[in-house]
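Asks: Positions annotated as region 'Disordered' by TrEMBL: B:288-311. According to TrEMBL, the compositional bias 'Polar residues' annotation covers B:289-309. Sequence annotations record features per position, and here TrEMBL assigns [4Fe-4S] cluster binding site to B:CYS347, B:CYS407, B:CYS410.
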Amino acid sequence: MEAINKFNGVVCPLNRANIDTDQIIPKQFLKRIERQGFGQYVFHHWRFDDEGNKREDFIMNQTQYENAEILVAGENFGCGSSREHAPWALLDYGFRVVIAPSFADIFYNNCVKNGILAIRLTEEEVEELMKKAEEPGYRLFVNLKDQDVFDRKGFVAEFDIDPYWKEMLLNGWDEIAVTLNLEDNIKKYEEKIAAGK
Amino acid sequence: MAPKTIIEKIWEQHIVHQEEGKPDLLYIDLHLVHEVTSPQAFEGLRMNNRRVRRPDLTYATMDHNVPTVNRNVINDPISKTQMSTLEQNCKEFGIELADINHPDQGIVHVIGPELGLTQPGKTIVCGDSHTSTHGAFGALAFGIGTSEVEHVLATQTLWQTKPKTLQVKVTGELGFGVTAKDLILAVIAKYGVNAGTGHIIEYTGEAIQNLSMEERMTVCNMSIEAGARAGLISPDEKTVEYLRGRRYAPQGEEFDKAAAYWLSLATDEGAEYDRTLEIKGEEIEPQVTWGTNPSMGSGISASVPTPSQFEREADRESVARALEYMGLEAGTKLEDIAVDYVFIGSCTNSRLSDLRAAAQVAKGRKVQEGVTAIVVPGSQTVKKAAEEEGLDKVFTEAGFEWRESGCSMCLAMNDDIVPSGKRCASTSNRNFEGRQGNGSKTHLVSPQMAAAAAVTGKFTDVRKLAEVHQ
């Protein structure tokens, strides 16, 4: 996983609540056995019509958001299926940061494991960002170490993150390697359980 | 000692490592694996030269992609690759696999309990959000992503921040014709799709205690649709009796010892939860969803709502959007909505009791002309048992198709797809846009209500179909 600390990018506002992972990556694209290459399918049925033509009215298809790297969405983002293909698709498409008032639990974990920074802001802050992001080229700056986001015009918002996940994202750790360092503890636990039987 | 909930008891027993400022490292007792969310995890192991730590605590099957008409005809080469990849991975890493032609094959959340792999007090994970199903046994069971699948394969542990506890208390009794599916749909309709976010639910109350094990699985299955990490029910004598004699359950004296332990896990009298939500069993009607998430539903006697009925602007927008997608006019009576497809199956409602309930409604009736109705048993074991009782005949004589086991039309990864614009009464768990096929319109219902829709061609209050009266 790639480490992340300071990041800035154009913001795309996707003003819908309860966006489920079936929308982020529809099931017909889950059959690949690789982690890469899912970006082309992100929000497929919202971006393209049945004939495969771009839907011009969908926000991500508008020229000003073509190179967006920060996605702002409504509450309970990423609900539904546990498919990690959803964060893989967002990342592969170019979104490194997702901001919402709340995230579904499994989706949030899946983001952390892939170096996507999922930021919870208040509903009011998210609403304000959605409005600001209507301005072409609107860019947001993220600083994970300081746990804040800001723009050039004085908008600042702080966010909470579990200290452990923060360390992990800042360092781009391989979590399995971290856990395997605790091999002795795992072994002891297994011995204790076996003895109890 | 202070009284504890079953959630706290299981959690504490599984802590391998605990450190201030970090999530807990939890031991995982059972890891279920399927073909869709595992290939990248096995590939990760290979790339890093890692092994599967406990193949004996891992069990795999194929369910998401499998064809339900002819087992040997897999039309999609990518589906085929995904299945053969699982086969190779299981061989390479020494994992037991119930493959497509295996007599134990079935939906992972149906076969776990059937085989007795699912047991009270276990931590159970699977790369599938409906893993919460196993909570019916008083297990702590939750869905994980592929990176976590890889982590469990390599270490048999997971880093988990302890969620809060949420009691969902269902008091009183369920009325005639009201099922476990209606119960959970009503809870979600009342409290919303993120009522349980950051929480583990324990379902309590008389109406829950009265449910059979299969009905409890239906309730726990949809915990994730309320946003919860997991949902469980304290074990009781029904739990013990269900597991007695199952292949992977303890046998003989060991079983009695295990049973005593299982019963000791039940939440202590006076234990406290972070939050409690309540619903009265008597207020629940047979449910039908009308929108594009599982909370957008109501009792069958209601009508499609008007967006302006909702207080929050975000809800008004979501409802308006949902009605547009679903092609429904506000104010239409739910009983006036005609269906094109009926799907009876999925990890929510594909067990023997579900099929019996649907067959009871279908018996002696005919699927309406123009309606395609399919019944997909949850496992080969369910299929065989149903056939021994003649349920397959009841269904086929009524005009339903009788299929092989798998996830099928719940998520339409195989060939069982609801065509664009068509409306389906489905016993599955998600009515998201395009879930059953691009442009498909899903209404979630119980098996009885699905069968009633098939034979009347529209949503019908199953309580009105006289023959189901005992």
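For all residues, glycine too, the Cβ spot is worked out from N, Cα and C.
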Asks: For the region 'Disordered' (B:288-311), what are the same-chain contacts with Cβ under 8 Å, counting residues 6+ beyond its ends?
Replies: 185-186, 188-189, 191-193, 222, 225, 317-323, 325-326, 328-335, 337, 425, 429-433, 442-445, 449, 459-461
Asks: For the binding-site residues B:CYS347, B:CYS407, B:CYS410, which Cβ has the most other Cβ atoms within 10 Å, all shown protein chains included?
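Replies: Max Cβ neighbours within 10 Å, all protein chains included: B:CYS407.
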Asks: Using DSSP, would you call B:CYS410 ([4Fe-4S] cluster binding site) helix, strand or coil?
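Replies: DSSP call for B:CYS410 ([4Fe-4S] cluster binding site): helix.
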Asks: Go ahead and report the DSSP secondary structure tallies for the region 'Disordered' (B:288-311): helix first, then strand, then coil.
Replies: 3 helix, 6 strand, 15 coil
